[in-house]
Every structure is written in structure tokens, then in C-alpha cells.
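Enquirer: Okay, so TrEMBL annotates it like this:
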- 5, 25, 27, 28: Mg(2+) binding site (BINDING)
């Protein structure tokens with residue numbers, strides 16, 4: 001099976017089944033792309049039985065290829081990636097994305113979530 005982000009965004013229906021399925025977003029970061037903000041990627045995932053098996057993200061502008069496979073770790077241009085050992089949330093950096101849905105109910109939920117996040121004593 002195949003699920004394409006652009007076709008789903010255009011209103012085509014899509015159901016994730018147990019079948020082996022490719023999930024592809026050819027312009028991940030469309031809004032960034034439109035505004036010439038240099039964080040754009042091609043994202044590809046492969047799912048079997050509704051579980052992610054592997055993923056590939058190619059950051060076009062940076063020329064970085066991120067790969068990950070279930071149980072095998074994640075890599076950037078072949079170099080193994082490690083998660084931070086930081087356990088103190090007050091020294092953490094919070095990054096979020098607001099999305100593009102401007103429906104009033106969605107905005108209310110996003111702002112409520114942001115308010116909860118901003119009450120955490122984070123580093124930045």
C-alpha cells in the first residue's frame with residue numbers, strides 16, 4: 001500500500017492497514033518551502049502491521065540523510081545518533097510547532113497545550 005501526504009492533504013481518503021505500507025511526504029515542511037525557510041525534507045516511512053519498520057528523512061538544503069530502523073538505531077549520513085543524557089527538564093530546550101489548522105477549536109487546544117508547556121521551568 002501507499003499513503004502520500006500530499007494526496008491526503010488534498011482530501012483523498014487513506015486507511016492504514018496491516019499491509020506493508022509506504023508513507024511518503026515529498027515536501028515535508030511545505031510551509032517552510034513556500035516561505036524559503038531552509039528546513040525542508042523528503043520523508044519516507046515503511047510500516048508493516050501498523051508498526052514502523054524504518055524511516056528515511058533527507059534534509060535537502062543541509063544535504064543530510066537521516067535513517068532509522070526498528071531495533072537498529074538512528075543515523076545521520078551514516079554516523080550513529082545518540083539521544084541526550086540530560087534528565088533535568090529545567091536544562092532542556094523545548095521546540096514546538098503550531099501547525100497550520102486555524103480552526104477555532106484547534107487553536108484553543110494548541111494554546112492550552114502551549115500554556116501547560118510554558119509553565120514548566122525549562123531552559124529555553
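Glycine residues also receive a Cβ, built from the backbone N, Cα and C atoms like all the rest.
Unlike curated entries, TrEMBL annotations are predicted automatically.
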Enquirer: Counting other CB atoms within 10 A of each CB, which of the binding-site residues 5, 25, 28 comes out lowest?
Expert: 5
Enquirer: Would you mind checking how many other C-beta atoms are within 10 angstroms of the C-beta on residue 27 (Mg(2+) binding site)?
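Expert: Excluding its own Cβ, the number within 10 Å is 16.
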